[in-house]
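These notes concern the structure reproduced below.
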Amino acid sequence: MTDVLATVTIVAALLTAGYALVTALRGRAMGVADLTALGVLEALLIAQAVVAVVKLSGGEGPDGPATFVGYLIGSLLIPVAGAGWGLLERTRWGPGVIVVAGLAAAVMVVRMNQLWSGTGA
């Protein structure tokens, strides 16, 4: 995995969670800015998945790639599920779902970095 891309993705996930937290504390429903932040996060996760698949097909990667691929697929689903659930929940708890999605995505990327480097087996 590329450390720079992973770091940018983690920062984007945490910024998404932070913005959604402010929205939730203000008692507002999820808006276009929340969806845009999730879209940017999803684009970064897709880019990371493409880089990881290319490197895996080139012979690089963790010893047990099955766990890594599971985390990779799961991380791609989190922002999409968060956006869907957040849109369905038209109260202040919609952005609360986005907070959880952003934090979960950040943790997933950190875990993928650990698996890739061999420190999280």
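All positions are counted from 1 along the displayed chain.
Glycine too: its Cβ is placed from the backbone N, Cα and C atoms.
The structure displayed is predicted, hence computed values, not measured ones.
Per TrEMBL, the feature transmembrane segment maps to 36-56 (among others). Sequence-distant contacts of the transmembrane segment (36-56) (same chain, at least 6 residues past either end, Cβ-Cβ under 8 Å): 1-2, 5-6, 8-9, 12-13, 15-16, 19-20, 65, 68-69, 72, 75-76, 79-80, 82-83, 98, 101-102, 105, 109, 112, 116.
Long-range neighbours of the transmembrane segment (68-87) within the same chain, counting only residues 6 or more positions beyond its ends whose Cβ lies under 8 Å from a Cβ of the stretch, are 30, 34-35, 38-39, 41-42, 45-46, 48-49, 52, 56, 61-62, 94-95, 97-98, 100-102, 104-105, 108-109, 111-112, 115-116. TrEMBL lists 68-87 (among others) with the feature transmembrane segment.
According to TrEMBL, the feature transmembrane segment maps to 93-110 (among others).
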